[in-house]
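Q: Starting off with a structure, shown below.
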Amino acid sequence: MAAPEPARAAPPPPPPPPPPLGADRVVKAVPFPPTHRLTSEEVFDMDGIPRVDVLKNHLVKEGRVDEEIALRIINEGAAILRREKTMIEVEAPITVCGDIHGQFFDLMKLFEVGGSPANTRYLFLGDYVDRGYFSIECVLYLWVLKILYPSTLFLLRGNHECRHLTEYFTFKQECKIKYSERVYEACMEAFDSLPLAALLNQQFLCVHGGLSPEIHTLDDIRRLDRFKEPPAFGPMCDLLWSDPSEDFGNEKSQEHFSHNTVRGCSYFYNYPAVCEFLQNNNLLSIIRAHEAQDAGYRMYRKSQTTGFPSLITIFSAPNYLDVYNNKAAVLKYENNVMNIRQFNCSPHPYWLPNFMDVFTWSLPFVGEKVTEMLVNVLSICSDDELMTEGEDQFDVGSAAARKEIIRNKIRAIGKMARVFSVLREESESVLTLKGLTPTGMLPSGVLAGGRQTLQSATVEAIEAEKAIRGSSPPHRICSFEEAKGLDRINERMPPRKDAVQQDGFNSLNTAHTTENHGTGNHSAQ
């Protein structure tokens, strides 16, 4: 009797099908941004009150809201801002914050350091948008907080809250990519409603930029018409654009105001000008933003009459533009004691410059290969092949001319190949230069000149007194002063479309980009 055959093992199950193209995450710890846009029912409760935590959690994940919800938030916030005075009056205790510049994830850190808006009074000094890539998230979140806490959270206007700068820098493009031009226009209307200054505790004038030769009293500010695009000159422009002089407190000139050569508009004001304004208006100090600070803040020379710093600058965007390596700070004022709380930058999602997509980013590689092939195709032509069958009809000069034309074409394509090669090989340096030039474009001729030109690239300031040094390919910006020098051209008011030349230069003007949880406290009585 034959032995039974051994049982055969069941065949192994087929392997699971591969994930759809693009569905696999290279960095698996980083989740996809949610594709669902929050609806009205999710953002607002039955009474029309915003659910701020729902919105915050969604925005932190890079989520978006329905366009109609974005418009509702912006318009409701604007309606509250329109009812406020041009110079609002606020009381201590309060936390004063400087520039944010689209750094939404650092704004979340700011509220951790400064305290919950539910039980902390806040005053923001402007510049919520531009340069950073999460500006619309900053606007939506701050406007929702304004709707929730209209009497304890206050927003002033900065020089970037205008059509001119948001078109020139990144905010308009961001709105169109993430939402639409309708959302951008709604933001512009809301920005026109932002107050220009705040009087804190009847002791401090809080403003984005500083003083104006046309403003002598607080009533001069109260009388300004703020519901418009800021002009290129005048008191409204000065409140948003002016700066303390570079030798503030040690001036050699006795002129209170001088032309602001850094901004290309408005003025520098000096220590005597500030002291005179404080004395005439019975104030202790001026608190302003508008300038990046290595420590996140700066206290200037003390007033001789009060012994208090005559001027304080606060800046709340840490590691500005991802290159400044600066700390950020907020100012907490309570019981006549002023504390400065510093904080470092938080991790954030990465965007290519100017919201570039990966296909555009890959074009230099593709272009290099295509031009390389063209050069090779054209280069295999011998002198004999450059002649036609009817060569006897042409004289020697014509044949030489045809060969020279072909050679010129080969040289032109070779030059193009060189551009693409530099773009690909030096992409990191190109990124750095793009981020630190106002239009997001490299200086003309840099790429065609190859590596040597890239290493010595310069960006001319509008008045061209001095060119700003560029970055060499292997170099990384490693100090605050170096970043500030490279970014100096972006501090200027950009040229306006209706620019006219006056006195040899434009009368138009520009602006001013691993989480550490440590905070520092410094007190000034």
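Here, residue 1 is simply the first one shown, and the rest follow in order.
The backbone N, Cα and C atoms fix where each Cβ goes, glycine too.
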Q: Taking 316-320, 411-415, 466-470 as the choices, which stretch does Swiss-Prot tie to motif 'SAPNY motif'?
A: 316-320
Q: Please state which member of Asp127, Asp238, Asp322 Swiss-Prot lists alongside Asn159, His208, His290 for binding Zn(2+).
A: Asp127
Q: Quick check on the annotations: Swiss-Prot lists region 'Autoinhibitory segment' for one of 49-56, 417-424, 441-448, 457-464. Which range is it?
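A: Checking Swiss-Prot against the ranges 49-56, 417-424, 441-448, 457-464, the region 'Autoinhibitory segment' one is 417-424.
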Q: I need the CA-to-CA distance for Ser479 (phosphoserine) versus His290 (Zn(2+) binding site), whole Å please.
A: 20
Q: Using all protein chains shown, find which of the recorded positions Asn159, Ser479 scores highest when you count other CB atoms within 10 A of its CB.
A: Asn159
Q: Taking only the Cα atoms, work out how far Asp127 (Zn(2+) binding site) lies from His160 (active site, proton donor), in Å, as a whole number.
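A: Given the Cα positions, Asp127 (Zn(2+) binding site) is 5 Å from His160 (active site, proton donor).
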Q: Which value does the mean pLDDT take for the region 'Catalytic' (65-356) in this predicted structure?
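A: Result for the region 'Catalytic' (65-356): average pLDDT 97.
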Q: Calculate the distance in Å between the alpha carbons (Cα) of His208 (Zn(2+) binding site) and His160 (active site, proton donor), and round it to a whole number.
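A: His160 (active site, proton donor) has its Cα 10 Å from the Cα of His208 (Zn(2+) binding site).
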Q: Could you measure between His290 (Zn(2+) binding site) and His160 (active site, proton donor) for me? Cα positions, answer in whole angstrom.
A: 10
Q: How many of the residues that make up the region 'Calmodulin-binding' (402-416) does DSSP mark as helix, as strand and as coil?
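A: Final tally across the stretch: 15 helix, 0 strand, 0 coil.
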